[in-house]
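Listed features, source TrEMBL:
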TRANSMEM  A:25-47  transmembrane segment
TRANSMEM  A:59-92  transmembrane segment
TRANSMEM  A:172-194  transmembrane segment
TRANSMEM  A:223-242  transmembrane segment
TRANSMEM  A:262-289  transmembrane segment
TRANSMEM  A:296-320  transmembrane segment
Amino acid sequence: MTTEAASTTPERSSRPFRLAFDGGVLGPLVGLVLLCVGFSFASEYFLSVRNAINILDQVTVLGILAIGMTLVIIIGGIDLSVGSVLAFSMMMMGWLYQFGGVPLPIAMVLGILTGAACGLVSGCLITFAKLPAFIATLAIMSIARGLANILTDGRQVVGYPDWFTNLATVRHFGFLSVTVALFIVLMVIAGIFLRYRATGRNLFAIGGSAEVARLAGIDVRKYTLVTYTIAGALAGVAAVTLAARLNSSQPSAGLGIELDTIAAVVIGGASLVGGVGSIAGTLIGVLIIGVLRNGLNLVGVSPFFQMVVIGAVIALAVAFDTMSRNKN
Amino acid sequence: MLKSTRIAFAGAVMAGTMAIGAAQAQDDLTVGLAVANLQADFFNQIKQSVEKEGDKLGVEIITVDAGGDSARQVSQIQDLITRDVDAIIYIPAGATAASVPVKAAREAGIPVVAVDRNPPDAPGDTFIATDSVAAAETLGNWVCKQTGGKGRLAEIQGQIGTTPQIDRDEGFDKALANCAGIERVAQQASNMWMQDEGFNIAQAMIQRDPGITVFWGQADALALGAAQAAKVGNLGDVIVVGFDGDVAGLEAVKSGTLDATMTQQTQLMGRMALASAIKLANGEEVPAEQLQEATLTTADNVEPFLKEHP
């Protein structure tokens, strides 16, 4: 997984003084490698291909959400609604399939579109109603969670066909489930888009300064709408993968996952002020969170102590990153 | 400078993980304990019982806490399987999604002891829980007797679709069927079985119907929330009953905040869970269901439970 991180080359940031080969991902990458080395010593079960695949499997949902969050944070926004939108998309898919008689593949697409619609509404609230992103997505977070519960009166949806669960459980060629493959493909596409496409680079310009971007001829409103819509759609994709993983749809799914997502993106070197961030960094951030949870479980650390360790590592990782940046 | 901060970070992380590693014991038998949510005292009691018993028997217990999130629990069970534990004690988080971890463990040849909730489509090798239907019926009958068969009942359910919620509904409804004078005027579910939810739900219920005379919370925390809401709302003479008999609930029964609860034998269930896990790991037979009784607890008989939880 670390080779994957290295192959998607670090993002060029809007700040000209940053070292080209570094781009902000080296710090988190070193942290990730050290964590892996530490856990390899601490637990004989950590260092194995099977466990590496487990970790990838475990971070798939978080990772897909984090792609959208990276885009949003790069334009200087924030999306608190992803967890609720995930739940709403998931319930919409389950409800359409189970009670609406919609064939599952179509229900999956409609679930993803539900997420996109939520994102679009957030985007409209931000661009047209001029709400701060924090408030707009906070409102959508509450609305989407409510709708997710209303659809089935808080009940779960079960009874998906086997082929659907197999998307998450059957490992093709011995290692790659469809959902993990999807996660990797989405990461690569997003990485290429951000680095090599002009539209991708415009996002950094908007995050650097929306006013300057507008004067430079970038349609900031359109970009904002599209970015939040994509983040919503990705929450929908994450919902489908999570439903496959759990073999059910639950209105309580993704409770609080927006905070994990934001943490992963920030650990990966993005700045909440906007204009800085990269997919490679986010991938590393996601893996740091995944490796930590997995490793602490394998070593057998008490769950209460785990919370302390995870919080400390997040603070440490970002603190060291910020310090090294300032010295730069 | 840049380099030195990174090396410092490196050192800190390494030292941290190594220290954790050194603390790891190497016993013959290792049992994984996957808890639904340690913030709920009921689960925490079972966890403490399993860990205490593990210490006594020299079995290493690896505890993971899903925090009520079934997705996280799937990951944690995966980790326990990777960790190559000999058996898994499994308290499912969420409701019906619970079958995925059992299937995964079964595929890896690891026996599963399901506690409190049992996945219907992939049940554990054994299932340990309170007979919630019978217990809730006992409680319902007590309420009927206590009120003289008349009253306006408000019910705060647990998380919809979970085994305890379904069973407690069923048992209590059975009792109500023989108690026509009690009218159910409000019924609402909670998401997390938590006290603040109970408070908020009950407050809204009182707002709609100040004539409520009985609150039935399907967990002590929910009932405690309802009792507080009744107090804040100056409801005066209401009967509040809960379920679980966790420490806070028992204290409340003693002080009169709650009128009754059904005490589940958490310590016994923890010990049984570990005993069953050890048996299954050694290839011995264990019955598919081991249902326990719960004790109707009022101010009259709460004292011994407070001293030593059953």
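Each residue, glycine too, has its Cβ placed from N, Cα and C.
Most Cβ pairs under 8 Å to the transmembrane segment (A:262-289), among the stretches A:25-47, A:59-92, A:172-194, A:223-242, A:296-320, belong to A:59-92. Comparison of A:25-47, A:59-92, A:172-194, A:296-320 by number of C-beta pairs under 8 angstroms to the transmembrane segment (A:223-242) places A:59-92 first.
Sequence-distant contacts of the transmembrane segment (A:59-92) (same chain, six or more residues past either end, CB-CB distance under 8 Å): 107, 110-112, 114-115, 118-119, 122, 126, 133-134, 137-138, 140-145, 147-149, 151-152, 157, 168, 179-180, 182-183, 186-187, 190, 194, 203-204, 206-207, 210, 223-224, 227-228, 230-243, 245, 249-258, 260-262, 264-266, 268, 270-279, 282-283, 285-287, 289-290.
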